[in-house]
Amino acid sequence: MTEERGKEDLEKSETLPFIEKPFAISDKESKSAPENETDGEDGGRDTYCGFWIFKGPSMQRFATEQMYVILYGLAGCVMTMTFSYFNGTITTLEKRYKIPTKVSGIISVGNDISTMLTAAILGYYAGHGHRPRWMGIGLLTIVAFCLLTSSLHFIYGAGEDALKLTREFGQVNETMAKQERDKKLCQPTGGGCVQEEVGLWVPQVFLFAAQLISGVGQALFYTLGIAYMDDNTSKAKTPAMLSMSTFLRMLGPAIGYSLAAVCLRLYIEPTLEPLIGQEDPRWLGAWWLGWLVLAAITLVSAILLFMFPKQLPSARKRRLQQKQDERKQSLPLNERSFADMMKTVKKLSKNKVYIYNTMASILYFFGYMVYWIFTPKYIETQYRQSAAMATMATGTVALGFSAAGILISGYVISKYKPSARAMAAWNAIVDFVTVAGILCYVAIGCEGSDRLNTLTTLSAGNSCSASCHCDYVHYAPVCSADNITFISACHAGCSERTKDALGRTIYTGCQCLRSSSLNSEPESQFAVDGTCPVDCFNEFLIFLGVMCFLKLVGASSKSTNLLLALRCMPPDEKTFALGLGSMAASLLGFIPSPIFFGWLIDNYCLVWGKTCSNKGNCWLYDTKSMRYALNLSAAFFIFLGGFLNIAVWYHAKNLKIFDEEESPKDSLKNKEVEMKTIDSNPEEN
């Protein structure tokens, strides 16, 4: 989901895990079947590893709790890699297909929409079936998602704008290349608008459809995965198992962002030689390449999950020992009605720990989703870093601290077994520390970048450039001698183009330079191709340090939040309650948050890439205003969530998280029950 789309984080990868088990119907909830259907020969076959020709006695040693946790964590790692890779390449997709940020926000929530709509149905029908194989089918839909997304490149190619910036374009089409260069200069008459290379909605619909497909796979994988783990492990092992699987999944965003960084260092058409560097805002990386790698890895993970048994042998043995108690506690599936469900909803609405914990998580999701999805874009615009550097910092560096936070918290919880109140208090502390860190983001700005954007806007709006008819000139920045960046040579009023001894493109006769200069002294009327140099690296390092600290602290609350969610309700209501929480989180957090923040970011756009029918993607932002609005809005929602966690602390005083230690007397009694159970089931010996 989302920690990480991470819906989605994700990459949803950083989302709190209590929402990852919607409507899974566990084996414990379908005990109305006759005893001989589950405990005899068929029950024995349910514990066999493998499928088709990939099976045999030698594989049975892998049917263990530890092996499932590792396999589930690695498969989750692969899934979160796909969502983080999408987030890492989203700015490149915006430039390539001229997508506004608010539209890319809508695209990114496609998987949350389909997850919300399908989780209940899939949980109902697949929850009491062969869950590992259903999870494998879910991963196959992720393969389809990867291939469908990458197919855009093979359908539309690298794009005319990217090809014009290669050496081969000038060699093959010299006349056309000269015409394109002349379009950047001051024009005596107005030129026509820029025709769109592809249909406006076609790539966006493609991307949204791919996200919808991935949501189905996400629903199957997360709906059934934790349910299978919870039903096949003992309660005492739950914190350690959850921490281990979550840690493995947290590696996914780091690897996904790293893969994005590697691919974006290559030009979108790797066989051609670009004329610009990676730092140029017009650079387009090979965003499509990583999807092919991810499709292959996901396919292998799906095959491995298919091999896992319907239930673990150790879990089946425990189930036989506790069979009579569970049969009394659970209402048979075929006797459940809509009225029963509404009674459960009414009962849950009176569970204050459940309500406050769910609401606190939703507010946290809403506020922090913008950083899971748009952090690479934020780094690129605020600190003038390349797309490859931004994705590397977001993934490999920062998410490594998230993984460390999960491991540390899992160790502390397993060793010291804190109370429910202590866990709720820690969740509240994490929220307020996160708010403090986000307020630091507001202060960590780059003055040079803020000044550059302001001067660029002033230069674009002067009366001099209006006479050059630059409305539909492509964004191709030039730098004047007084260190002012112009949107293009046309906006600078330049009439000639030449090259200096170093091979740099020089524009001369730039009549608008003096009118935009802040100095009264006349300046030489020439400009150099490219943006003016701005050094924001020190500010970027400070931002990265704060972000890593917040990742470490924030990840430490994942296990505590999940344990509160699992223990605040009766076992027979657990799957429905978690599913209801999942739907609420998607409806109120995961879906509206990227749309809201995408709209907010677009509100501070200064330069749009205009086409004949729309304004295209944004090339330049008011970084200072955007920094304040985005971070303060996010901090506000997380701040409210902190107070709701205080309410959880108040009402959780009697909540029991861990089983009490067994006395010797209880232990002897359980041994006697175990021996009686074995004697009554001789076919199991």
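Glycine is treated like the rest: Cβ placed from N, Cα and C.
Feature annotation from TrEMBL assigns compositional bias 'Basic and acidic residues' to 1-14 (among others).
Residues or ranges marked as region 'Disordered' in TrEMBL: 1-43 (among others).
The annotation transmembrane segment is assigned in TrEMBL to 67-86 (among others).
The feature transmembrane segment is assigned by TrEMBL to 106-127 (among others).
Look at TrEMBL and you will find 134-156 (among others) tagged as transmembrane segment.
Annotation comment: TrEMBL describes 205-229 (among others) as transmembrane segment.
Listed by sequence, the residues of this chain that lie at least six past the ends of the transmembrane segment (250-268) yet keep a Cβ under 8 A from its Cβ atoms are 3-4, 6, 9-11, 13-14, 76-85, 87-89, 92, 96, 153, 158-159, 162, 166, 274, 278, 283-290, 293-294, 376, 386-389, 391-392, 394-396, 399-400, 402-403, 406, 555. Under the heading transmembrane segment, TrEMBL lists 250-268 (among others).
With a threshold of 8 Å between CB atoms, the same-chain residues lying at least 6 positions outside the transmembrane segment (288-308) that come near it are 49-51, 54-55, 59, 63, 68, 71, 74-75, 78-79, 81-82, 85, 89, 132-133, 135-137, 139-140, 142-143, 146-147, 149-150, 152-154, 256, 259-260, 262-263, 266, 268, 270. What TrEMBL records for 288-308 (among others) is transmembrane segment.
The transmembrane segment annotation in TrEMBL covers 353-374 (among others).
What TrEMBL lists as transmembrane segment is 386-413 (among others).
Taken from TrEMBL, the feature transmembrane segment applies to 425-444 (among others).
Look at TrEMBL and you will find 458-507 tagged as domain 'Kazal-like'. Model confidence over the domain 'Kazal-like' (458-507) stands at 78, taken as the mean pLDDT rounded to a whole number.
TrEMBL lists 540-564 (among others) with the feature transmembrane segment. Taking Cβ pairs closer than 8 Å, the transmembrane segment (540-564) reaches residues 3, 14, 16-18, 238-239, 242-243, 246, 250, 353, 357, 361, 368, 375, 379, 382-383, 385, 393, 397-399, 401-406, 408-410, 413, 418, 420, 423-424, 426-427, 430, 433-434, 437-438, 440-441, 444, 446, 648, 652, 655, 657 in its own chain, all 6 or more past its ends.
What TrEMBL records for 576-601 (among others) is transmembrane segment.
Among the features that TrEMBL reports, transmembrane segment is placed at 628-650 (among others).
The region 'Disordered' annotation in TrEMBL covers 662-685 (among others).
The stretch in 67-86, 386-413, 576-601, 628-650 that contributes the largest number of Cβ pairs under 8 Å to the transmembrane segment (425-444) is 628-650. Here the transmembrane segment (628-650) has long-range neighbours at 352-353, 356-357, 359-364, 366-368, 370-371, 378, 421, 424-425, 427-428, 431-432, 434-435, 438-439, 441-442, 564, 597, 600-601, 603-604, meaning same-chain residues at least 6 beyond its ends whose C-beta is under 8 angstroms from one of its own.
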